Every structure is written in C-alpha cells, then in structure tokens.
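S.K.: This is the feature table in TrEMBL:
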type     : residues : note
COMPBIAS : 1-16     : compositional bias 'Low complexity'
REGION   : 1-118    : region 'Disordered'
COMPBIAS : 68-86    : compositional bias 'Low complexity'
COMPBIAS : 87-99    : compositional bias 'Pro residues'
COMPBIAS : 100-109  : compositional bias 'Basic and acidic residues'
DOMAIN   : 112-207  : domain 'Fibronectin type-III'
DOMAIN   : 211-299  : domain 'Ig-like'
DOMAIN   : 308-403  : domain 'Fibronectin type-III'
DOMAIN   : 421-505  : domain 'Ig-like'
C-alpha cells in the first residue's frame, strides 16, 4: 500500500470518536474476525481498499489527535489513522453501543419534612401536623404523601392517593385500640425525600377531657340589651366524651316559651326573640361529664328609657337667678339614672333651650336670666338608653324684675407708696470660662426708684468699658465682657434711695 491511500483515512470521525467516548483498546478487538494485527506487524494490502470504500457519515470534525481510531461500517475493520507518508493500517469495527450523550446533573430531592407531631386523637382517627422541608428544589414541592403501618407489621400503605400541599392531615376510619406508625414523605419532580417518622406509634383511643366553659370576655360582665331587642349568645365549651349541658335561672328550669336553647358538640346558643324586662336576671350554665362539671353565670339586664322626674318645684327667684328642685323618677328603666337635663323657655319666643346636661343632683340654680322676661322650666331624666319620653314641667313661672339701684362710687383709700429698697431676686454664684462674656442678674423694688451701685471685692465699679450695668423695670444686670482670671471675685449690687439701702452679693469664678 502506498501513501496515496492515507487521505481517505482522515475523513471526519463521528462524535463517538471523542476522547471521552473513545472505543475499546485494540487488544480487546483483536479476537474478532478480520481484526487488524498488533502494532509493529505488516498490514495487509487488501485492507486499504476496504477502508477507502467505506462511506463516512457527515459529522463534525474529529479532534486533531491523529492516534484516535476511525470507525467504519458495521463489520468492517478500523485502524488508527496513519501519519503522512506511511501505509494505512487495516480498519477496526466500530463500537456497537449508540452514540452516548452528556447527561445533565440530576437535581437533588427535597429534604425531610420537619416537626412531625400528633395534634389530636379521637376514637377512630387522629390528626398530624408538620412543617415544610428546608430544601424543596428549583421545581418546588408537588406535595406530601402520608403512609401508615400497624404496630408489628412492615407493610406501609399510603393514605392519600395524590400528593397534597397542606401541612395538616387527618387519618380517618381507624379502629379503637390500634397502634399506628406514621411517616410523611415530601415529593417533587426530582424525587421523594427521606420520610419523617414518628418515634412512637399512635394509640387510637378517645382522649378524655374535663368539661370547661369558655365564657367570652364581653359576657363576663353584665350583658345589657334594650326592651324589644333580640338576645343571641353563643358560649363555647369543651369536654370528651360529649358533655351534658343544662341552663337554669334562680335554680329553676328556663321558660322554653320565651327562651330557646340549642346545643352542639362544642357550644351552646342562648336565644330570646324579643327581650322584656322580666328576662333580666342571672342564668346558670352547667356542663357535666359523669361526676365532673363546670359552671358559669350569664347576667342579663334588659333596660328601657326612664320615666320623668317627680315634684319639680320653682323654689326661689332673686335677681337674675332661679332655684329648682325635684325628686328622682318612679321608674328608672331598670338601670341607673345617669343625670338630668334642665331646659328653660321664655314667654316671648316659646322655644326651649338646654341650660344643664347630665346634672347629677336633684336641684340646680339657673343664672344669667334676662331682666323683664318670664321663664318656664322643665327637666328630663336620662339613663343609658337616653332621655325620658316626657319631662316634668314646673307649675310656676319666674319673672325677672327690674331692680332700682343707686350708683355709689367706691372710695379708694390713699396709700403711702414710699418704700425702701428691697431685693426680690438675689444674685447667684456663677462659674464662667475665660474669654466668654457673662451676666449677673438680680431684682429690686423701692420707691422712689433706688440708685444701683455695683462693687467688686468691696470696690465700686466705675466707668470701666469691661463692665456694662443696666436696670429695666427693677431688673438689674451687670455684663462682664471677656473675663479673665483677674475678673473673678465677690460682686455686690447695692440699691440706695432716701428711705434706706439694701445689697446682695455673689461669687464669680473664672476658669
């Protein structure tokens, strides 16, 4: 064979000839028929035309590694590509496996569900709760699968046919007395998680619960309704097995013609279609299981507006004032009287105007009446329902007469205004910083106006530009401009007038 037959052997090789998926070594292909001789043996001349006649499929260019083998048709021999100028060895048969593809790394399945626990157990079911796993993967969870297995068996059965996303599940239709093992698996597109398993099996039995009334907060105080309103109250309770519920009023059974009671497994409903004042009182609720019981009291008060006050009297009239008195109403509307509303009406206009609201006493004084007018008065009583339907009207009227008065000017006694100096606000000790101006203040009074003298260490401060002394409306001030250590000492303010003198002092420290 000559060097001209080499070019056909350099045709593009399929992707299977890449380094990562190279065919088996030549030693493994040697036993096959028509296998090429080992390296160093003379190749047969007939093999070169066979390699040249084999059609090469269109593939991307092979790597530049010349030692890679070139596959041919099935059953044909394949040889490594010879270097230029050397005879081509016989071809070797291709690998029978299909062309491998690079697989994407698989996503990890979700992690195990967390905090698996039993929330409630009944005589034929129990309820589980758990938390979502920390890792759910890119695709997210498809849901959860709950599996159970009876104690002593290894046969796990799925309770739900399809995954669900809730983290709470009730397993029904169980037999009382059974011990059930439970586990929960998180499922996603990448697979199932490690199951979360309860450490101990669940015993299917009814959990006894002592009776307990859950009285709502707003019913722990007096429950107030108006006459004619509906009373609809729901009071929850708990207890297992189903407790016995009973209502009484004053130790006697309720009147079922007026009061309707409806009980469920978890609450009792107290209903009155139209409340009357006779429905007021304390109702006792009892929840009982065998010998154990719990009691609660419901206090209902049905109210209505009160009656008018009684015995309204016009007690006295003087100057611009009128005094009224009355007594409480005979009917308070089944609740406390909050106060009284007092109104007046003058004869000219005939309109009523409110003078006092929520007057808590049974008497009052009305002032600032107009001279020459005649007034009538009435009083309403008030409770939590509002004002009484009618008012008590005073039998008499009040006429405000004009009174004759003689003006007498007030005699103002003469007063001696002379007063010696007196300091009303003394000086206070001060500490200042070197180079920062400071002020000293005090207050003095006296008549005639006293003369103010400032002294430093018992020496009078005269016209020194370092000090500025002022007095305004009895307030004396001394400004010390940019003091130094020499300016510290005792400062005295002296006030002098013909009737005497007074002085105050303070210490100034400069740091």
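Cβ from N, Cα, C; glycine included.
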S.K.: DSSP helix, strand and coil counts for the domain 'Ig-like' (421-505)?
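M.R.: Per DSSP, the residues of the domain 'Ig-like' (421-505) fall into 3 helix, 53 strand, 29 coil.
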S.K.: So how many of the residues in the domain 'Ig-like' (211-299) end up helix, strand or coil by DSSP?
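M.R.: Going through the domain 'Ig-like' (211-299) residue by residue, I get 6 helix, 53 strand, 30 coil.
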S.K.: How does the domain 'Fibronectin type-III' (308-403) divide up by DSSP, counting helix, then strand, then coil residues?
M.R.: 0 helix, 52 strand, 44 coil
S.K.: Which numbers of helix, strand and coil residues does DSSP report for the domain 'Fibronectin type-III' (112-207)?
M.R.: 0 helix, 47 strand, 49 coil
